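Undergrad: Pasting the relevant annotations from Swiss-Prot:
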REGION    1-59  region 'Disordered'
MOD_RES   SER8  phosphoserine
MOD_RES   SER11  phosphoserine
MOD_RES   THR38  phosphothreonine
MOD_RES   THR41  phosphothreonine
MOD_RES   SER42  phosphoserine
MOD_RES   SER189  phosphoserine
REGION    209-234  region 'Disordered'
COMPBIAS  221-234  compositional bias 'Basic and acidic residues'
MOD_RES   SER223  phosphoserine
DOMAIN    239-317  domain 'RRM'
MOD_RES   SER264  phosphoserine
Amino acid sequence: MPTGDFDSKPSWADQVEEEGEDDKCVTSELLKGIPLATGDTSPEPELLPGAPLPPPKEVINGNIKTVTEYKIDEDGKKFKIVRTFRIETRKASKAVARRKNWKKFGNSEFDPPGPNVATTTVSDDVSMTFITSKEDLNCQEEEDPMNKLKGQKIVSCRICKGDHWTTRCPYKDTLGPMQKELAEQLGLSTGEKEKLPGELEPVQATQNKTGKYVPPSLRDGASRRGESMQPNRRADDNATIRVTNLSEDTRETDLQELFRPFGSISRIYLAKDKTTGQSKGFAFISFHRREDAARAIAGVSGFGYDHLILNVEWAKPSTN
């Protein structure tokens, strides 16, 4: 196999290794052996040593923008930077468009259009949701019913009025006999009712002890005269008003809130359907005083309630 010395042209990779491991720049020496697109092997005139740096160039072709810049690194080597951008058209509100046309000031007075990473931080869009007052009330923490009972006395001692049982009172042996003796001296009742002259002795205690049946005529209170409710009923009839033209969704609580400002109410009767439970359209309101009922008629009659005009008048007295 013949051997001999021959001159070989160094490859492009060897030249890159000899020049150094700096991959940021492309010098004119490296471009000598690289064929250009036009077939010319001469380097770009902008990268020749001693030539001034040309200004940046922008070329827009449709929606593609190409920006070409020339810079010099720390070693004095020239290099070219080519950046390609895709232009997108986005719709924005008029207020946002006007803010983009504002002139920059301060440290960003000479910055190009767009945000500067040194002074501006671009983050994700945050959407703000406003809640109503009802939702705000629902978000409030519900009060614990046990916290209300903390300040109340559940157990009260009959001797010292402390918050413990009477059987566990530490002053039971000292204050108990003293209170009993004082009550006897003052003639206070100790729980047993004194018998009045001519009054029959109640048989209720005997019934509890023996368990025998006691007829109603011999029970406690049998000698007292019964009270008639007829006068009270007549008073209710005199202070009762009749409300008509009510909606089907009306409830007794609605009538209570509507007529409560005029005076004290004794009873409310709302006529309802037996099957559906809805209002039949009329109701009766009884006040304790006739003056309050008169003011309710003057104030509510002709009043618009639940998209209906109410009619209020005096109720006819019952014939029973």
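Each residue's number is its place along the chain shown, starting with 1.
Heads up, the Cβ atoms here are built off N, Cα and C, so glycines get one too.
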Undergrad: With helix taken as DSSP H, G or I, strand as E or B and everything else coil, how many residues of the domain 'RRM' (239-317) land in each class?
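TA: Taking the domain 'RRM' (239-317) as a whole: 22 helix, 30 strand, 27 coil.
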Undergrad: Counting across all protein chains present, how many other Cβ atoms fall within 10 Å of the Cβ of SER264 (phosphoserine)?
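TA: The answer is 9.
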